[in-house]
Protein chains: 4
Amino acid sequence: MTDMRIGVLGAGGKVGSSVCRAILEEPGYELVAAVDPKLAGIDLGQMLGRNAAGLIARRDVEALISEAPEVVIDFTEARASFHNLLKLAQAQIPAVVGTTGFTDDEMRRLGEAFEGVGCVIASNFSIGAILMMRCAAMCAPFFESVEIVEAHHDQKVDAPSGTSLETAMRITDARRVANQPGFLQDRTSNLKVEGARGGVVDGDVRIHSLRLRGAVAHHEVIFGTASQTLTIRHDSHDRSSFVPGVLLAVDRVTGLDRLVVGIDGFLGQD
Amino acid sequence: MTDMRIGVLGAGGKVGSSVCRAILEEPGYELVAAVDPKLAGIDLGQMLGRNAAGLIARRDVEALISEAPEVVIDFTEARASFHNLLKLAQAQIPAVVGTTGFTDDEMRRLGEAFEGVGCVIASNFSIGAILMMRCAAMCAPFFESVEIVEAHHDQKVDAPSGTSLETAMRITDARRVANQPGFLQDRTSNLKVEGARGGVVDGDVRIHSLRLRGAVAHHEVIFGTASQTLTIRHDSHDRSSFVPGVLLAVDRVTGLDRLVVGIDGFLGQD
Amino acid sequence: MTDMRIGVLGAGGKVGSSVCRAILEEPGYELVAAVDPKLAGIDLGQMLGRNAAGLIARRDVEALISEAPEVVIDFTEARASFHNLLKLAQAQIPAVVGTTGFTDDEMRRLGEAFEGVGCVIASNFSIGAILMMRCAAMCAPFFESVEIVEAHHDQKVDAPSGTSLETAMRITDARRVANQPGFLQDRTSNLKVEGARGGVVDGDVRIHSLRLRGAVAHHEVIFGTASQTLTIRHDSHDRSSFVPGVLLAVDRVTGLDRLVVGIDGFLGQD
Amino acid sequence: MTDMRIGVLGAGGKVGSSVCRAILEEPGYELVAAVDPKLAGIDLGQMLGRNAAGLIARRDVEALISEAPEVVIDFTEARASFHNLLKLAQAQIPAVVGTTGFTDDEMRRLGEAFEGVGCVIASNFSIGAILMMRCAAMCAPFFESVEIVEAHHDQKVDAPSGTSLETAMRITDARRVANQPGFLQDRTSNLKVEGARGGVVDGDVRIHSLRLRGAVAHHEVIFGTASQTLTIRHDSHDRSSFVPGVLLAVDRVTGLDRLVVGIDGFLGQD
């Protein structure tokens, strides 16, 4: 079996360069074209610590298309991305897109453009985080209590994390679908320190946000019922944890014939 | 809504008395008859620290049937249980059965007897353990590594635990069904202490059994892929952790019209 | 070596009966007298599931002294306890006391009474919790971040737990003694849910209190510095977790010649 | 207060370049000279993504001494390091040394050379790992059971980890010093899978080594006694976790007047 020919848009960016590195390292893939207008003509090899034919940064998507990639990965920004994706669709090249911020109208037009061609647009490529949410949703109807704890590095300025908020939402949705009542109400009548019981979202799920130097990104959902607890925990040990999800999408996108939003569908039945 | 009328067979046993205690404590249930031939006529209240009409131990299943329970719970032993269950089926009373050790022939005959009447026979009523296995099976196809760690009290004489062995089996089954290859092979070339890498089951899943005074029953499945790990952990904090599963089965058995093995089906799609 | 002869005051109480059970189970100890005025003359054996000479409840401390115990354990209430302890001191019998609520004057008078006789009065006999605090104090000067997470059963009405508050205090004390500045300030500028960052105590330690059905009593201190975290976690799996601390105090009290407050001194240098 | 002037030997190496990066990032330090004979004259800034005067790689220790650093950090190899350290001692410049492999004779001669000048030579600069061991040693006498679990990335070829072996040794030492008997003997009589109970070291401590893609370096010591467990856990989230320990040694070495082995002494009383 020959390696799958991959092109990368936004190859010089923070995420794009991680993607390039992963493509170069993983067996089964070949990096045939890397696009970054600002770095056009420059060898990206030094930045990535690698040598590879595809590492001379190309100016635009046309240069990339001329290399006939089987799949193109795009982590850029919505304005540039939208036009590039239309050109890929026209050239019948499947795309995996981590760019966010498309308008509803752009999404509709991308949907039309990719009729007959695979395309995956997702805001979250962390396989582990998605599976954590899915497990949490599956378990939610069978417990009386739940608490979410998330820990991130001390530079994070928002709390709770987006993933913890989405997890809370999925948990309450799952209970509603299963016709289960809300979780046990908090019985704290003597709150000695304001905030100790965490932040309440979606009615009755509490989130506790820890900020610690040395932490990276960690999420924990703890369910409780009589005499037992069930804990689902995701630990990201560095910021390239989106890579396995991108590669999963690359593997699946060639079998699609339309635009799909999110990679959840590749992680088992929804 | 009136309380559901419950009868318990084997009420004086270790598990049976926990079941009685739970029925007495949980709102929505009424204990109407407790059977234990060896304790016939004795008030079980002192043992359970409770007063309740149903607590005078009855001699046999006929005495129990005469109280018209809506569901009967049976944690006894296979020989007695088989005959009792046939009588319950005849009386059209649904049963939840934790007794194990039925022969294939007995199971077949129970299946026939309960045509039209609900019956649940299960060897594992721990909701959390079953959901842990289900989550593990769901996640198994998406990771390259897995390790199982289980910890039990220091009196446990077998290792690994039955639950950890069953979890390993479900993980490898799930991978096979998803057409995924085995997990990454162990690269340890310098094993400095025999046994440090745990026990290998089902080809490539490793189990590590901890035995600690003060532990109860704890299981952890850790999956890994690039830059991230996903951990699913179940903690039983005491030996009555089967109670929520029994109550779930009691709630569901009245809607059944046949014999069902295991409570997995009540915990979401399989 | 013969078994140590133990007397128990308050043997019919919740804690007292656990202490009796432990004395009966642990090798090296003999229960020679159990006092409970309300149950005087009654055989406690049924309550404890045991047979033992000392299990007939005695009326008062004099009856207990007449059995010549080597150590007496007292978990009752301050009014009764104070007078009983004076009598034990007079009889030169060492005491281990979990009773709380003595006035300053009573403590002073007990101190005088136990000159020459060992006595240990402590409000916390959980060895693990005390060692957790001690480890936390030792580590506190070497990290830039700390967060405390505690989880308890859903019936607990106060938050945060007393142990977590005491742990926070010891952490900030240890930093002060080591001339270390406070921990890193929280950088959260976008708090999306009130309370998500927990409750702040002692200036800069945050505590997160979880309440879950099925949990018992769990405390976790997480320290962070560049690229690493250190976690110290204590899990109580049932309410008899004070027993090892009581037995430790029993073993040590015979070597004392005065009143000591707290069992910290038995757990290594302070 | 002016920044402390730091020199780095082996600045182009894997560890050395992490040290340079940390010196450039941390307030309070100035990188005044970086030595790497193979890269002499080359600007290390590109490699480190930084600009700084000290980033032109110097040829030898003399060039470094001429910049009058207040402390020199050395992560090279024993042969070169030995001679460089003698020159630093002669120039009265304190040194922090991560180089390993000195002979006994070299250590003795370094001890003589650094009479009157501070020098720290250590094989382990991970503050968290050292504190974990220290906590474990402190707790060891008070529990009846212990198990060690360590998890590393799937490329690690040796098992158990050096840190887990050292931790086991410290635990058994601490028990011996406290005149405590060994831990509870394993009661497993039905070992269903060879190796499941881990590897036994130092008589009765069991180590369980997990190897997982996505893990970095994690160690956990779990102690147990009646009704409770105490867990001490260290997580390294990336390979630069030695940096806080190096900076701690830099801060302390100027106050020393001799050679010290290990940084344990800076982490509280031993």
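Sequential numbering from 1, following the chain as shown.
Just so it is clear, glycine is given a Cβ too, placed from its N, Cα and C backbone atoms.
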Same-site NAD(+) binder from A:ASP3, A:ASP36, given that TrEMBL records A:GLY10, A:ALA11, A:GLY12, A:GLY13, A:LYS14, A:VAL15, A:GLY98, A:THR99, A:THR100, A:ALA122, A:SER123, A:ASN124, A:PHE125: A:ASP36
Assigned conformation of A:ALA122 (NAD(+) binding site) - DSSP reduced to three states: coil
Rounded to the nearest Å - Cα separation of A:GLY12 (NAD(+) binding site) and A:LYS156 (active site, proton donor): 24
Cβ packing number for A:ASP36 (NAD(+) binding site), 10 Å threshold: 22
Largest CA-to-CA spread of NAD(+) binders A:GLY10, A:ALA11, A:GLY12, A:GLY13, A:LYS14, A:VAL15, A:ASP36, A:GLY98, A:THR99, A:THR100, A:ALA122, A:SER123, A:ASN124, A:PHE125, angstrom: 23
Helix-strand-coil residue split for the domain 'Dihydrodipicolinate reductase C-terminal' (A:128-262), DSSP-based: 42 helix, 43 strand, 50 coil
Against chain D, in sequence order - binding-site residues A:GLY12, A:ASP36, A:ALA122, A:HIS153, A:GLY162, A:THR163 with Cβ under 8 Å: none
Shell of the (S)-2,3,4,5-tetrahydrodipicolinate site beyond A:HIS153, A:GLY162, A:THR163, same chain only (C-beta within 8 angstroms of their C-beta centre): A:GLU150, A:HIS152, A:LYS156, A:SER161, A:SER164, A:ALA217, A:HIS219
Same chain, 6+ residues apart, C-beta under 8 Å of the C-beta of A:THR163 ((S)-2,3,4,5-tetrahydrodipicolinate binding site), given in sequence order: A:ASN124, A:SER126, A:ALA129, A:MET133, A:GLU150, A:ALA217, A:HIS219
Candidate with the highest Cβ count within 10 Å, taken from the binding-site residues A:THR99, A:ASN124: A:THR99
Other CB atoms, at most 10 A from the CB of A:ALA122 (NAD(+) binding site): 22
